[in-house]
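Single-structure report; data block below.
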Amino acid sequence: MKEFDFIKQITPSFYKQSSVVKGIGDDGAVIKPPNGHELVVVADAMVEGVHFSLDYMSFHDVGHRVLAANVSDLCAMGSTPLYYIVTISVPTQYTKEDISQLYNGMQGLAKSFNMDLIGGDTTSSDQLMISITAFGSVLSNQKRLRSQAELGDLVFVTGYLGESGYGLHLLEKKEPDSYFINRHKRPVPRYHFIQASSRIDRLSLNDISDGISTELNEIAEASSVDITINYSQLPVHTDMATLQEDWLRELVLSAGEDFELVGTCSKEAWVQLEDACHQFNIPITSIGQVRMQAGERPTVKLREEERDIVLDREGYEHS
Ligand SMILES: Nc1ncnc2c1ncn2[C@@H]1O[C@H](COP(=O)(O)OP(=O)(O)O)[C@@H](O)[C@H]1O
Ligand SMILES: Cc1ncc(C[n+]2csc(CCOP(=O)(O)OP(=O)(O)O)c2C)c(N)n1
Ligand SMILES: [Mg+2]
Ligand SMILES: [Mg+2]
Ligand SMILES: [Mg+2]
(Lines of atoms letter the chains of each structure in order from A and count residues from 1; the text may use other names and numbers.)
(Lines give C-alpha, C1' and ligand atoms only; values in the text may rest on other atoms or scores of the structure.)
(Ligands and ions follow the chains in the order given, each with its own letter.)
Protein backbone atom coordinates (compact mmCIF):
# COMPACT_ATOMS: atom_id res chain seq x y z
CA MET A 1 0.00 0.00 0.00
CA LYS A 2 1.42 3.38 -0.98
CA GLU A 3 0.78 5.65 1.96
CA PHE A 4 0.78 8.92 0.06
CA ASP A 5 -1.66 7.79 -2.66
CA PHE A 6 -3.89 6.32 -0.04
CA ILE A 7 -4.09 9.52 2.00
CA LYS A 8 -5.02 11.42 -1.16
CA GLN A 9 -7.79 8.92 -1.77
CA ILE A 10 -9.38 9.29 1.68
CA THR A 11 -9.09 13.10 1.85
CA PRO A 12 -12.63 14.53 1.76
CA SER A 13 -13.41 17.13 -0.90
CA PHE A 14 -15.33 19.16 1.68
CA TYR A 15 -16.09 19.08 5.42
CA LYS A 16 -19.64 18.80 6.75
CA GLN A 17 -18.78 20.54 10.02
CA SER A 18 -18.12 24.23 9.48
CA SER A 19 -15.93 24.19 12.62
CA VAL A 20 -13.16 22.33 10.73
CA VAL A 21 -10.65 25.09 9.93
CA LYS A 22 -8.04 22.68 8.50
CA GLY A 23 -8.68 18.95 7.97
CA ILE A 24 -6.40 16.36 6.37
CA GLY A 25 -3.23 17.60 4.62
CA ASP A 26 -1.03 19.46 7.11
CA ASP A 27 0.91 18.49 10.24
CA GLY A 28 -2.28 18.66 12.23
CA ALA A 29 -5.97 19.51 12.00
CA VAL A 30 -7.36 22.83 13.26
CA ILE A 31 -10.83 22.92 14.74
CA LYS A 32 -12.86 25.68 16.26
CA PRO A 33 -15.23 24.16 18.84
CA PRO A 34 -18.87 25.23 18.40
CA ASN A 35 -19.75 28.37 20.39
CA GLY A 36 -20.93 27.76 23.96
CA HIS A 37 -20.12 24.05 23.81
CA GLU A 38 -17.49 21.91 25.47
CA LEU A 39 -15.44 19.38 23.48
CA VAL A 40 -15.65 15.68 24.42
CA VAL A 41 -12.76 13.45 23.30
CA VAL A 42 -12.85 9.64 23.28
CA ALA A 43 -10.49 6.92 22.04
CA ASP A 44 -11.11 3.27 21.25
CA ALA A 45 -8.97 0.82 19.32
CA MET A 46 -9.73 -2.58 17.80
CA VAL A 47 -7.15 -5.28 17.11
CA GLU A 48 -7.50 -8.29 14.82
CA GLY A 49 -7.85 -11.44 16.89
CA VAL A 50 -8.95 -9.52 20.00
CA HIS A 51 -11.97 -7.51 18.82
CA PHE A 52 -12.71 -9.13 15.46
CA SER A 53 -11.66 -11.89 13.11
CA LEU A 54 -11.45 -11.43 9.36
CA ASP A 55 -12.60 -15.06 9.02
CA TYR A 56 -16.16 -13.79 9.35
CA MET A 57 -15.98 -9.97 9.25
CA SER A 58 -15.46 -7.92 6.09
CA PHE A 59 -13.16 -4.90 6.14
CA HIS A 60 -16.29 -2.81 5.75
CA ASP A 61 -17.81 -4.39 8.90
CA VAL A 62 -14.61 -3.73 10.87
CA GLY A 63 -14.54 -0.06 9.86
CA HIS A 64 -18.18 0.41 10.78
CA ARG A 65 -17.76 -1.35 14.11
CA VAL A 66 -14.70 0.54 15.36
CA LEU A 67 -16.24 3.94 14.58
CA ALA A 68 -19.52 2.76 16.17
CA ALA A 69 -17.66 1.94 19.40
CA ASN A 70 -16.25 5.49 19.50
CA VAL A 71 -19.58 7.16 18.68
CA SER A 72 -21.16 5.05 21.42
CA ASP A 73 -18.70 6.57 23.93
CA LEU A 74 -19.52 10.08 22.63
CA CYS A 75 -23.24 9.34 23.16
CA ALA A 76 -22.53 7.96 26.63
CA MET A 77 -21.06 11.40 27.48
CA GLY A 78 -24.19 13.12 26.14
CA SER A 79 -22.30 14.68 23.25
CA THR A 80 -23.09 15.11 19.56
CA PRO A 81 -20.43 13.51 17.31
CA LEU A 82 -18.34 15.94 15.19
CA TYR A 83 -15.03 14.58 13.89
CA TYR A 84 -12.69 11.59 14.08
CA ILE A 85 -9.01 10.77 13.60
CA VAL A 86 -7.93 7.29 12.47
CA THR A 87 -4.61 5.58 13.16
CA ILE A 88 -4.14 2.27 11.36
CA SER A 89 -1.36 -0.30 11.54
CA VAL A 90 -1.55 -2.54 8.52
CA PRO A 91 0.21 -5.88 7.82
CA THR A 92 1.79 -6.02 4.35
CA GLN A 93 -0.54 -8.77 3.06
CA TYR A 94 -3.54 -6.42 3.08
CA THR A 95 -4.21 -4.45 -0.08
CA LYS A 96 -5.17 -0.86 -0.76
CA GLU A 97 -8.62 -2.17 -1.72
CA ASP A 98 -8.99 -3.90 1.72
CA ILE A 99 -8.17 -0.66 3.52
CA SER A 100 -10.46 1.34 1.21
CA GLN A 101 -13.27 -1.00 2.26
CA LEU A 102 -12.40 -0.38 5.91
CA TYR A 103 -12.65 3.38 5.33
CA ASN A 104 -15.93 2.89 3.44
CA GLY A 105 -17.29 1.17 6.54
CA MET A 106 -16.30 4.13 8.71
CA GLN A 107 -17.54 6.68 6.18
CA GLY A 108 -20.94 4.98 5.86
CA LEU A 109 -21.54 5.39 9.58
CA ALA A 110 -19.91 8.84 9.74
CA LYS A 111 -22.30 10.08 7.07
CA SER A 112 -25.36 9.25 9.15
CA PHE A 113 -23.95 11.31 12.05
CA ASN A 114 -22.48 14.15 9.95
CA MET A 115 -18.98 13.35 11.18
CA ASP A 116 -15.80 14.42 9.39
CA LEU A 117 -12.55 12.48 9.10
CA ILE A 118 -9.96 15.14 9.99
CA GLY A 119 -6.69 13.21 10.17
CA GLY A 120 -4.80 10.14 11.24
CA ASP A 121 -1.64 8.13 10.83
CA THR A 122 -0.62 4.99 8.92
CA THR A 123 2.06 2.46 9.83
CA SER A 124 2.99 -1.07 8.84
CA SER A 125 2.66 -3.78 11.49
CA ASP A 126 2.29 -7.53 12.14
CA GLN A 127 -1.35 -7.18 13.11
CA LEU A 128 -4.22 -5.07 11.84
CA MET A 129 -5.05 -2.41 14.42
CA ILE A 130 -7.41 0.52 14.03
CA SER A 131 -7.37 3.22 16.67
CA ILE A 132 -9.84 6.09 16.54
CA THR A 133 -9.93 9.35 18.45
CA ALA A 134 -13.34 10.98 18.12
CA PHE A 135 -14.64 14.40 19.14
CA GLY A 136 -18.11 15.53 20.14
CA SER A 137 -19.68 18.70 21.52
CA VAL A 138 -21.91 19.13 24.53
CA LEU A 139 -23.51 22.02 26.39
CA SER A 140 -21.78 22.21 29.75
CA ASN A 141 -24.95 21.41 31.73
CA GLN A 142 -25.80 18.39 29.55
CA LYS A 143 -22.74 16.23 30.20
CA ARG A 144 -23.76 12.71 31.21
CA LEU A 145 -21.16 11.50 33.70
CA ARG A 146 -20.84 8.17 35.45
CA SER A 147 -20.60 10.15 38.68
CA GLN A 148 -24.09 11.67 38.39
CA ALA A 149 -26.16 8.85 39.91
CA GLU A 150 -28.09 9.86 43.04
CA LEU A 151 -29.91 8.10 45.83
CA GLY A 152 -33.48 7.17 44.77
CA ASP A 153 -32.71 7.16 41.01
CA LEU A 154 -34.14 4.53 38.69
CA VAL A 155 -31.70 2.46 36.64
CA PHE A 156 -32.49 2.11 32.94
CA VAL A 157 -31.05 0.44 29.85
CA THR A 158 -31.77 0.93 26.14
CA GLY A 159 -32.37 -1.93 23.69
CA TYR A 160 -31.87 -5.61 24.52
CA LEU A 161 -28.91 -7.26 26.21
CA GLY A 162 -26.56 -9.99 25.04
CA GLU A 163 -27.45 -9.77 21.36
CA SER A 164 -23.91 -9.02 20.16
CA GLY A 165 -22.42 -11.85 22.23
CA TYR A 166 -25.01 -14.26 20.87
CA GLY A 167 -24.22 -13.01 17.33
CA LEU A 168 -20.50 -13.67 17.93
CA HIS A 169 -21.33 -17.21 19.00
CA LEU A 170 -23.37 -17.77 15.82
CA LEU A 171 -20.52 -16.37 13.72
CA GLU A 172 -18.00 -18.69 15.36
CA LYS A 173 -20.33 -21.60 14.55
CA LYS A 174 -20.42 -20.39 10.92
CA GLU A 175 -24.19 -19.91 11.01
CA PRO A 176 -25.76 -17.91 8.16
CA ASP A 177 -26.42 -14.18 8.54
CA SER A 178 -29.21 -13.24 10.94
CA TYR A 179 -30.47 -10.35 13.08
CA PHE A 180 -28.07 -11.28 15.93
CA ILE A 181 -25.05 -11.61 13.63
CA ASN A 182 -25.83 -8.19 12.22
CA ARG A 183 -26.01 -6.78 15.76
CA HIS A 184 -22.45 -8.01 16.28
CA LYS A 185 -21.04 -6.94 12.92
CA ARG A 186 -22.81 -3.60 12.53
CA PRO A 187 -23.81 -2.18 15.93
CA VAL A 188 -25.66 1.14 15.72
CA PRO A 189 -24.82 3.59 18.53
CA ARG A 190 -27.75 5.17 20.38
CA TYR A 191 -27.28 8.57 18.75
CA HIS A 192 -30.96 9.58 19.06
CA PHE A 193 -30.93 8.99 22.83
CA ILE A 194 -28.95 12.22 23.13
CA GLN A 195 -31.77 14.20 21.50
CA ALA A 196 -34.48 12.22 23.32
CA SER A 197 -32.90 12.97 26.72
CA SER A 198 -31.79 16.56 26.08
CA ARG A 199 -34.49 18.06 28.35
CA ILE A 200 -33.57 15.90 31.33
CA ASP A 201 -31.53 17.89 33.88
CA ARG A 202 -29.33 15.11 35.19
CA LEU A 203 -28.49 11.59 34.00
CA SER A 204 -25.67 9.24 34.81
CA LEU A 205 -24.73 7.30 31.70
CA ASN A 206 -22.34 4.61 30.45
CA ASP A 207 -22.28 2.59 27.26
CA ILE A 208 -22.17 -1.20 27.23
CA SER A 209 -18.88 -2.33 25.73
CA ASP A 210 -17.69 -4.70 28.45
CA GLY A 211 -21.04 -5.92 29.85
CA ILE A 212 -23.74 -4.42 32.05
CA SER A 213 -22.21 -5.88 35.25
CA THR A 214 -19.00 -3.92 34.61
CA GLU A 215 -20.72 -0.74 33.41
CA LEU A 216 -23.03 -0.60 36.46
CA ASN A 217 -20.09 -1.13 38.80
CA GLU A 218 -18.37 1.83 37.10
CA ILE A 219 -21.43 4.03 37.77
CA ALA A 220 -21.70 2.79 41.39
CA GLU A 221 -18.01 3.51 42.02
CA ALA A 222 -17.96 6.91 40.32
CA SER A 223 -21.12 8.03 42.17
CA SER A 224 -20.36 6.28 45.51
CA VAL A 225 -23.73 4.55 45.62
CA ASP A 226 -25.09 1.00 45.75
CA ILE A 227 -27.24 -0.20 42.88
CA THR A 228 -29.76 -3.06 42.81
CA ILE A 229 -31.06 -4.46 39.53
CA ASN A 230 -33.76 -7.11 39.07
CA TYR A 231 -32.81 -10.00 36.85
CA SER A 232 -36.39 -10.56 35.66
CA GLN A 233 -36.56 -6.95 34.38
CA LEU A 234 -33.48 -7.17 32.14
CA PRO A 235 -34.61 -6.78 28.50
CA VAL A 236 -34.00 -9.90 26.40
CA HIS A 237 -35.03 -10.47 22.77
CA THR A 238 -37.77 -13.14 22.60
CA ASP A 239 -35.66 -15.32 20.28
CA MET A 240 -32.97 -15.51 22.98
CA ALA A 241 -35.32 -16.22 25.89
CA THR A 242 -35.24 -19.95 25.07
CA LEU A 243 -31.43 -20.27 25.35
CA GLN A 244 -30.01 -22.41 28.13
CA GLU A 245 -30.43 -20.49 31.41
CA ASP A 246 -26.81 -20.13 32.59
CA TRP A 247 -25.59 -19.22 29.13
CA LEU A 248 -28.32 -16.62 28.68
CA ARG A 249 -27.39 -15.13 32.03
CA GLU A 250 -23.77 -14.84 31.00
CA LEU A 251 -24.67 -13.26 27.64
CA VAL A 252 -27.02 -10.73 29.27
CA LEU A 253 -24.77 -9.73 32.19
CA SER A 254 -21.28 -9.87 30.76
CA ALA A 255 -20.89 -10.57 27.02
CA GLY A 256 -20.77 -6.83 26.23
CA GLU A 257 -20.34 -5.06 22.88
CA ASP A 258 -24.07 -4.31 22.62
CA PHE A 259 -23.23 -0.57 22.59
CA GLU A 260 -26.52 0.13 24.35
CA LEU A 261 -26.69 2.81 27.05
CA VAL A 262 -27.18 2.14 30.75
CA GLY A 263 -27.77 4.88 33.27
CA THR A 264 -29.82 6.37 36.06
CA CYS A 265 -32.26 9.27 36.45
CA SER A 266 -34.69 10.60 39.05
CA LYS A 267 -38.14 8.99 39.28
CA GLU A 268 -39.72 12.24 38.02
CA ALA A 269 -37.37 12.39 35.01
CA TRP A 270 -38.03 8.72 34.19
CA VAL A 271 -41.63 9.42 33.11
CA GLN A 272 -40.37 12.10 30.71
CA LEU A 273 -37.44 9.98 29.49
CA GLU A 274 -39.59 6.91 28.80
CA ASP A 275 -42.04 9.02 26.83
CA ALA A 276 -39.30 10.79 24.81
CA CYS A 277 -37.58 7.46 24.01
CA HIS A 278 -40.86 6.01 22.74
CA GLN A 279 -41.26 9.02 20.45
CA PHE A 280 -37.77 8.36 19.06
CA ASN A 281 -38.48 4.61 18.79
CA ILE A 282 -35.78 3.74 21.32
CA PRO A 283 -36.61 0.72 23.49
CA ILE A 284 -35.89 1.62 27.12
CA THR A 285 -36.50 -0.45 30.25
CA SER A 286 -36.30 0.36 33.94
CA ILE A 287 -34.26 -2.39 35.61
CA GLY A 288 -33.54 -1.30 39.20
CA GLN A 289 -32.81 1.41 41.75
CA VAL A 290 -29.93 3.41 43.23
CA ARG A 291 -29.60 2.83 46.95
CA MET A 292 -27.58 4.48 49.70
CA GLN A 293 -24.05 3.18 49.90
CA ALA A 294 -24.07 0.76 52.83
CA GLY A 295 -20.72 -1.04 52.90
CA GLU A 296 -17.12 0.01 52.54
CA ARG A 297 -17.16 0.00 48.80
CA PRO A 298 -19.92 0.76 46.27
CA THR A 299 -21.74 -2.44 45.33
CA VAL A 300 -24.05 -3.62 42.56
CA LYS A 301 -26.57 -6.27 43.55
CA LEU A 302 -28.62 -8.57 41.38
CA ARG A 303 -32.06 -9.42 42.77
CA GLU A 304 -33.46 -12.75 41.67
CA GLU A 305 -36.48 -14.45 43.23
CA GLU A 306 -36.29 -12.13 46.27
CA ARG A 307 -32.61 -12.93 46.88
CA ASP A 308 -29.79 -10.44 46.39
CA ILE A 309 -26.35 -11.48 45.19
CA VAL A 310 -23.35 -9.17 44.65
CA LEU A 311 -22.79 -8.56 40.96
CA ASP A 312 -19.06 -8.12 40.38
CA ARG A 313 -17.47 -6.86 37.17
CA GLU A 314 -17.95 -9.99 35.12
CA GLY A 315 -17.45 -8.24 31.80
CA TYR A 316 -14.58 -8.57 29.35
CA GLU A 317 -11.13 -7.69 30.68
CA HIS A 318 -7.94 -7.46 28.63
CA SER A 319 -5.24 -9.59 30.27
N1 LIG B 1 -3.88 3.53 27.66
C2 LIG B 1 -4.58 4.52 28.21
N3 LIG B 1 -3.98 5.69 28.46
C4 LIG B 1 -4.67 6.72 29.03
N5 LIG B 1 -5.96 6.63 29.40
C6 LIG B 1 -6.61 5.48 29.16
C7 LIG B 1 -5.96 4.37 28.56
N8 LIG B 1 -6.87 3.36 28.46
C9 LIG B 1 -8.03 3.82 28.96
N10 LIG B 1 -7.89 5.10 29.39
C11 LIG B 1 -8.91 5.96 30.01
O12 LIG B 1 -9.55 5.22 31.06
C13 LIG B 1 -10.94 5.51 31.12
C14 LIG B 1 -11.77 4.22 30.99
O15 LIG B 1 -11.46 3.58 29.76
P16 LIG B 1 -12.28 2.33 29.23
O17 LIG B 1 -12.49 1.35 30.34
O18 LIG B 1 -11.65 1.84 27.97
O19 LIG B 1 -13.69 3.01 28.92
P20 LIG B 1 -14.74 2.54 27.87
O21 LIG B 1 -15.20 1.18 28.34
O22 LIG B 1 -15.81 3.56 27.91
O23 LIG B 1 -14.04 2.50 26.53
C24 LIG B 1 -11.20 6.52 30.04
O25 LIG B 1 -11.10 7.82 30.61
C26 LIG B 1 -10.04 6.31 29.07
O27 LIG B 1 -9.74 7.47 28.30
C1 LIG C 1 -12.47 -12.44 17.88
C2 LIG C 1 -13.19 -11.88 19.08
N3 LIG C 1 -12.95 -12.40 20.30
C4 LIG C 1 -13.58 -11.91 21.39
C5 LIG C 1 -14.48 -10.87 21.28
C6 LIG C 1 -15.17 -10.35 22.49
N7 LIG C 1 -14.62 -9.09 23.00
C8 LIG C 1 -13.46 -8.61 22.58
S9 LIG C 1 -13.10 -7.11 23.30
C10 LIG C 1 -14.52 -7.13 24.21
C11 LIG C 1 -14.89 -6.04 25.19
C12 LIG C 1 -14.90 -4.67 24.61
O13 LIG C 1 -13.61 -4.26 24.22
P14 LIG C 1 -12.78 -3.13 24.99
O15 LIG C 1 -11.49 -2.96 24.28
O16 LIG C 1 -12.72 -3.44 26.47
O17 LIG C 1 -13.72 -1.92 24.72
P18 LIG C 1 -13.91 -0.60 25.59
O19 LIG C 1 -14.47 -1.01 26.91
O20 LIG C 1 -12.56 0.02 25.71
O21 LIG C 1 -14.86 0.21 24.76
C22 LIG C 1 -15.25 -8.30 23.94
C23 LIG C 1 -16.53 -8.67 24.58
C24 LIG C 1 -14.70 -10.35 19.98
N25 LIG C 1 -15.52 -9.33 19.76
N26 LIG C 1 -14.06 -10.87 18.91
MG1 LIG D 1 -12.06 2.09 25.87
MG1 LIG E 1 -17.63 3.42 27.16
MG1 LIG F 1 -12.70 -1.61 28.08
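In case you wondered, yes, glycine gets a Cβ from its N, Cα and C as well.
Per TrEMBL, the feature domain 'PurM-like N-terminal' maps to 25-138. According to TrEMBL, the feature Mg(2+) 3 binding site maps to ASP27, ASP73, ASP207. Taken from TrEMBL, the feature Mg(2+) 4 binding site applies to ASP27, ASP73. The Mg(2+) 2 binding site annotation in TrEMBL covers ASP44, ASP73. Here TrEMBL flags ASP44, ASP121 as Mg(2+) 1 binding site. Look at TrEMBL and you will find HIS51, GLU257, TYR316 tagged as substrate binding site. For TYR103, GLY120, ASP121, ARG146, SER209, the entry in TrEMBL reads ATP binding site. The feature domain 'PurM-like C-terminal' is assigned by TrEMBL to 152-299. What TrEMBL lists as Mg(2+) 5 binding site is ASP210.
Looking only at the binding-site residues ASP27, HIS51, ASP73, ASP210, TYR316, the one with its C-alpha closest to GLY120 (ATP binding site) is ASP27. ASP27 (Mg(2+) 3 binding site) and ASP121 (Mg(2+) 1 binding site) are 11 Å apart (CA-CA, integer value). In the predicted structure, the domain 'PurM-like C-terminal' (152-299) carries a mean pLDDT of 97.
For the domain 'PurM-like N-terminal' (25-138), the number of residues in each DSSP class (helix H, G, I; strand E, B; coil) is 35 helix, 45 strand, 34 coil. A distance of 35 Å separates the Cα atom of ARG146 (ATP binding site) from that of ASP27 (Mg(2+) 3 binding site). The residues of the domain 'PurM-like C-terminal' (152-299), classed with DSSP into helix (H, G, I), strand (E, B) and coil, number 61 helix, 27 strand, 60 coil.
Using a 10 angstroms CA-CA radius around ASP210 (Mg(2+) 5 binding site), the binding-site residues that qualify from ASP27, HIS51, ASP73, TYR103, GLU257, TYR316 are GLU257, TYR316.
A Cα-Cα distance of 9 Å separates ASP44 (Mg(2+) 2 binding site) from ASP73 (Mg(2+) 3 binding site).
When the alpha carbons of GLU257 (substrate binding site) and ASP27 (Mg(2+) 3 binding site) are compared, the span between them is 34 angstrom. Taken residue by residue with DSSP, TYR316 (substrate binding site) is part of neither helix nor strand, so it is coil. Within 10 Å of the Cα of SER209 (ATP binding site), the following binding-site residues from the list ASP27, HIS51, ASP73, TYR316 place their own Cα: ASP73, TYR316.
Ligand 5 lies under 6 Å from the Cβ of ASP210, out of the binding-site residues ASP27, GLY120, ASP121, ASP210.
If you count neighbouring Cβ atoms within 10 Å for each of the binding-site residues ASP27, ASP44, ASP73, the highest count belongs to ASP73.
With a cut-off of under 6 Å between the Cβ and any atom of ligand 4, the binding-site residues ASP73, ASP207, SER209, ASP210, TYR316 reduce to ASP73, ASP207, SER209. Just so you know, of the binding-site residues ASP121, ASP207, ASP210, GLU257, the Cβ with the fewest other Cβ atoms around it within 10 Å is the one at ASP121.
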